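Annotated features, as they stand in TrEMBL:
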type	residues	note
TRANSMEM	20-43	transmembrane segment
TRANSMEM	64-84	transmembrane segment
TRANSMEM	90-112	transmembrane segment
TRANSMEM	151-169	transmembrane segment
TRANSMEM	181-202	transmembrane segment
TRANSMEM	247-265	transmembrane segment
TRANSMEM	286-309	transmembrane segment
TRANSMEM	357-378	transmembrane segment
TRANSMEM	390-413	transmembrane segment
Amino acid sequence: MMKPFNFSHALRHKDPSAFILFPLLVHSFDLVVSSIGILSIRVTRDSSVKVPLEDPMAILQKGYSVTIVLAVLIFAGSTRWLLFTEQAPSAWLNFFLCGLVGIITAYVFVWITKYYTDYKHEPVRTLVLSSSTGHGTNIIAGVSLGLESTALPVLVISVAIISAFWLGHTSGLVDETGSPTGGLFGAAVATMGMLSTAAYILTMDMFGLIADNAGGIVEMSQQPESVRAITDVLDAVGNTTKATTKGFAIGSAALASFLLFSAYMDEVSSFARESFKQVDIAIPEVFVGGLLGFMLIFLCSAWTCAAVGRTAQKVVKEVRRQFIDRPGIMDYKEKPDYGRCVAIVASASLREMIKPGALAIVSPIVVDTPIALCCFLFRVLGHYTGQPLLGAKVVAALLMFATVSGILMALFLNKAGGAWDNSKKFIEIGALGGKGSDAHKAAVTGDTVGDPFKDTAGPSLHVLIKMIATITLVMAPVFL
């Protein structure tokens, strides 16, 4: 790993605070460019002329394209203004290219997510066809689609990290010894670039939630089928945009975790006053730390999915009770007690997240019990075996393996869940017999499995990854 970036030396003729203000400026402009992108969305349709409605996803992508163009221009101006140094006159250009790498990465992530979750593309169409042969084949096809969907995002993230690091490394900035520095800052700038359109991406996520609830309101209020047909299309696009946001979040988490891991190693070196540049997973204790990191991701995913299952059982029992006590619900003569179901879900959402949340907080403190007992044991073992940094290395392996496995698991859960949801939606708008057909029943089963994947377990993992990295960084002195 390269030495930490030395601002005071690199900016001998410029105020170092410019490098500190740079990310604040970039993300401030994110609000501006995203707002312009949102306001650029216009749909003008003459009701007297019968023409097909424009694809909602295409409309959203036009606004996203406007946001990206503006983000690139802002990034170019910001890097030239704040990151120019007399020591390396062309360094700002390298850092602009790092930001461009991040922006391109975000755009590619959006495209990949759309490809794997939109029913206009082959993966979801294949999943729809699998529903025609039963529930089991639908589940198998959905799982395989989710597993396959991890490949392209990982390749994109890999290229982004390496490209940004080496653009920063070759920027011309050097430390006191003349060694190239700035590689990690280049990766940080790429992360800023990826997040420079975050406000627009989050807006697309909110669109999905609104469209979903609008469809529910239309159905419950017994609107004409023509109205429901429109909300079904919007709901399908909303499923894609929600999956896009989750993919975007895990991609940014991957870039940020790489930086936090490097910061952890730097902090250990600083406190221990000993070089800590690599982690050897061939050491048994370090390898065990990596296994514990893998375990955390799978255990957290299991707990979150199980929480959804337990809560769903309570809701189903409550709904059945209401059907028995109020038989007029089915023919709209009586109103259901919605508040009771909402109360069940609301209380469970808080109660059931205690275990996964505690796992993320306790685990890094407790490997050096799986992540202070374990740490303490490895520290003691390292002391008696002449390995003073053993505890820190074990935690580093845990952080590294948890990050890698968490990224892959989150990508799998998010894409599979989104694809299952849209395959059901595609059947509901008329494919393979439409609502009530055997294919639709199989697709509903797939969507039931996919909901905890994409709405609970998947989104929680990028939070878990960042939380483990942050807690590990803060608790670094404990591991020494």
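Placement of Cβ uses the backbone N, Cα and C atoms for every residue, glycine included.
Counted over residue pairs 6 or more apart, the CB atoms of the transmembrane segment (151-169) and the transmembrane segment (247-265) come under 8 Å in at least three pairs, which marks the two as touching.
A Cβ distance under 8 Å defines the sequence-distant neighbours of the transmembrane segment (286-309), meaning residues of its chain 6+ beyond its ends; these are 279-280, 348, 352-353, 355-356, 359-360, 363, 367, 370-371, 374, 378, 390, 393-403, 405-406, 409, 413, 451-453, 456-457, 460-461, 464, 468.
Same-chain residues lying 6 or more positions outside the transmembrane segment (247-265) and placing a CB less than 8 Å from one of its CB atoms are 1, 102, 105-106, 109-110, 112-113, 153, 156-157, 160-161, 184, 187-188, 190-191, 194-195, 198, 201, 276-277, 395-396, 399-400, 403, 406-407, 410-411, 414-415, 459, 461-462, 465-466, 469-470, 472-473, 476.
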